[in-house]
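Below is one structure; the comments refer to it alone.
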Amino acid sequence: MLVLGVETSCDETAVALYDSHRGLLGHRLYSQVDVHAEYGGVVPEIASRDHLRKLLPLIREVLDAEGLKRTAIGGIAYTAGPGLIGALLVGAAVARSLAWAWNIPSVAVHHMEGHLLAPLLEPEPPEFPFVALLVSGGHTLLVDVRGIGSYHVLGESLDDAAGEAFDKTAKLLGLGYPGGPALARLAEGGDAGRFHFPRPMTDRPGLDFSFSGLKTHALNALAALEGTPQDKADIACAFQEAVVDTLVSKCRRALRETGLGRLVVAGGVSANRTMRKKLQAMAESERCRVYFPRPEFCTDNGAMIAFAGCRRLLAGQCETSAIEARARWPMETLTGA
Ligand code: ATP
Ligand code: MG
Ligand code: FE
């Protein structure tokens with residue numbers, strides 16, 4: 001079955017074609033980052049309008065590039081939440097309308113399930129069960145995954161998500177929006193020995209996270225200095241080390257507590273090279289295996305939605321007549337496919 005995937009939950013308009021036999025055929029992404037950069041963050045109303053402008057042209061483009069006609073499409077998957085409600089509604093309305101006009105099924109996909117399944121698009125995909133660490137702009141979740149739709153949340157952030165902490169700290173260091181990747185680049189020239197930031201909540205049991213205090217540490221460190229480029233690089237480095245060590249420590253704990261031998265890491269922050277290296281080293285010492293998406297599928301993309309939707313459509317799931325979009329949608333309420 002050839003599935004068209006549509007992702008519009010935030011500031012990326014993304015589409016992809018995934019075939020259950022041939023795999024990923026093509027994908028396209030338009031990032032609104034430049035549109036929102038001058039405001040220092042995503043402006044929801046502008047995001048919705050920009051999705052509306054770009055979505056149909058992108059769908060045409062990906063079909064043309066693959067030399068496929070729309071009649072080849074057997075189903076449509078779209079992100080129905082969580083995310084910005086206006087942005088989600090654009091994707092949902094377009095996807096549901098096309099499905100209705102073309103007389104094919106459509107299915108609502110949970111954005112975080114999309115992220116979670118992205119590593120399954122790689123050549124050596126993980127088998128179930130596994131522990132998943134989802135680290136994105138809006139979520140930090142440790143999940144016990146038994147199969148598609150079978151998710152037990154082991155821990156989550158009590159305040160800022162990991163990506164959000166990267167972005168906020170980047171902002172106070174004077175880096176642009178979104179600052180995560182820029183902060184990671186700056187940290188490469190930093191001295192890891194100069195500052196030591198705490199590893200929040202690692203000294204007590206449990207698998208929850210708290211990252212908002214690290215931003216305050218960065219702010220205080222900066223305020224006490226002149227703020228030279230080297231000062232900033234050293235602070236970026238101390239911040240990144242603290243976030244990464246905290247994530248690594250909780251992943252190790254989750255693997256030990258569940259007794260599972262596979263760790264899947266996904267979401268925008270999983271593109272971070274320092275984190276990938278340290279998680280890899282931890283997994284080796286625990287005799288476990290770690291799986292990541294390719295870097296371009298760490299952040300939002302259409303491929304993960306097409307893939308997740310394909311699995312659900314093949315399991316017989318599809319939508320009725322209502323257009324569904326949910327700003328909030330707890331992962332544990334999902335059912336199996
Ligand atoms: P959610 O998936 O929770 O709804 P989102 O879709 O906005 O949120 P993603 O697209 O998965 O989030 O990821 C974007 C986040 O990843 C941003 O916070 C960004 O700063 C962060 N990020 C991307 N690359 C890196 C990197 N190399 N190092 C650290 N953070 C990064
Ligand atoms: Mg984004
Ligand atoms: Fe995302």
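Residue positions begin at 1 at the first shown residue.
Glycine is treated like the rest: Cβ placed from N, Cα and C.
Feature annotation from TrEMBL assigns domain 'Gcp-like' to 24-307.
Taken from TrEMBL, the feature Fe cation binding site covers H111, H115, D300. Counting every protein chain shown, the number of other Cβ atoms lying within 10 Å of the Cβ of H111 (Fe cation binding site) is 28. Under the DSSP three-state reduction, H111 (Fe cation binding site) is assigned to helix.
According to DSSP, S136 (substrate binding site) sits in a coil region rather than a helix or strand. A sphere of 10 angstroms centred on the C-beta of S136 (substrate binding site) encloses 24 other C-beta atoms. Taken from TrEMBL, the feature substrate binding site covers L134, V135, S136, G137, G138, D167, G180, N272.
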Please give the greatest C-alpha separation between any two of the substrate-binding residues L134, V135, S136, G137, G138, D167, G180, N272, in angstrom, as a whole number. 16
Cβ within 8 angstroms of the Cβ centroid of H111, H115, D300: which residues besides those meet this for the Fe cation site? E7, S9, T79, M112, G114, S136, G267, T299, N301, M304, I305
Of V135, S136, G138, N272, D300, listed as binding-site residues, which ones have a Cβ less than 6 Å away from ligand 3? S136, D300
Return only the integer: C-alpha distance in Å from L134 (substrate binding site) to D300 (Fe cation binding site). 13
To see if you understand the setup: which same-chain residues, six or more apart in sequence, place their Cβ under 8 Å from that of H115 (Fe cation binding site)? L134, S136, A266, G267, M304
